[in-house]
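Asker: Pulled from Swiss-Prot, these are the listed features:
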SIGNAL    1-23  signal peptide
COMPBIAS  20-34  compositional bias 'Low complexity'
COMPBIAS  63-74  compositional bias 'Low complexity'
REPEAT    107-145  repeat 'TNFR-Cys 1'
REPEAT    147-188  repeat 'TNFR-Cys 2'
REPEAT    189-229  repeat 'TNFR-Cys 3'
TRANSMEM  240-262  transmembrane segment
MOD_RES   424  phosphoserine
MOD_RES   463  phosphoserine
MOD_RES   466  phosphoserine
């Protein structure tokens, strides 16, 4: 940056005209001073000496110089010394004016740039046409927002206010729950032992010390409510009854509903003895696996006793039997007891055989196309692996089928062709049991029996039982 120009006094360039009363002669004055000096009275430059353009003399005449009047030829003109001084003075004025013209615009540009920077910072806080955010208010500058002072003022929402809302000071009977911030007013509440509600909105009241006689307190005093009292009869007594109902009556109702559901599904018909025994046996399931096994064993023991008793009755039909202490059960009751207890075990021990002595493998093959709707699609490959088909055999069969629905039928046929007479319905059912596909297993059994093609053969009895 160039240094500022030095101050130059205008008087340094001005020559003062000599006093008319001075003793210096005209010639000495001409020799001692330049040919053009500033006149003291006229305020302009007066050239001295002869020649063209000489000023008038004291007589008001224009004429030659003093040397010409004296009869001497005019010599060479002395060098004019006023012109360089005038040129320097004019040059100085142009320089001063030029410097001022450059300084003033630059100063104005600096001020304008400063204002623009301030305006830009305010513009970033609140764009023109939008509300000021919470915690600020509208400034006097358009589009600008000023922040509220913490603990002094606040605004809790977008606004166009020109000043923040003043913070509230808690009263003498209140305490500060939370201080005032730029976005939230002071939160005050009554001091401990006092409260304020809708009935005393202006001041805090003292809490009651206790409940009236015959009443009990159910709620303590808070800054917003007094203590709550209720009558003893409608207080603790009511709560006790509610607790008793919830803890005793509801579980009893659930147990009763469970017993009814168990007895209805027992298959005993209207026989009350059968229903009693079956219901109590099923309730034994709730006590754990040991209780279930004991009940099952008791039922089997009763069934054996019944069979022995019936045989003895047939052998000793003409002799009275002393049946003291022996519980006699009817065949219907025994079947009722054995039915629920051995629902799954009896199916494991009973064999499915073709009716009328038909070939078991060929009869089973008649149902292969229906098994695809019973066995889940995702379990087909696993079932085939349980039936000892290899992965390569499964892939080859799947590749040779026309559609995905025919894959299970083709794989079952592959299984029959591979194992021959060993491909039985029991091998298939056992494979489903190992896969835990019990639902599919039971549906296949029902399908075979309901069709009349298969019947159950009781294990160890040799008698076939049809479930049609």
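Glycine residues also receive a Cβ, built from the backbone N, Cα and C atoms like all the rest.
Mind running through what each feature is packed against?
Answerer: According to DSSP, the secondary structure content of the repeat 'TNFR-Cys 2' (147-188) in residues is 0 helix, 13 strand, 29 coil.
For residue 424 (phosphoserine), the number of other Cβ atoms no farther than 10 Å from its own Cβ, over all displayed protein chains, is 16. In the three-state DSSP scheme, residue 424 (phosphoserine) falls into the coil class.
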Asker: Across the repeat 'TNFR-Cys 3' (189-229), what are the DSSP residue counts per state (helix, strand, coil)?
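Answerer: Here the numbers are 3 helix, 15 strand, 23 coil.
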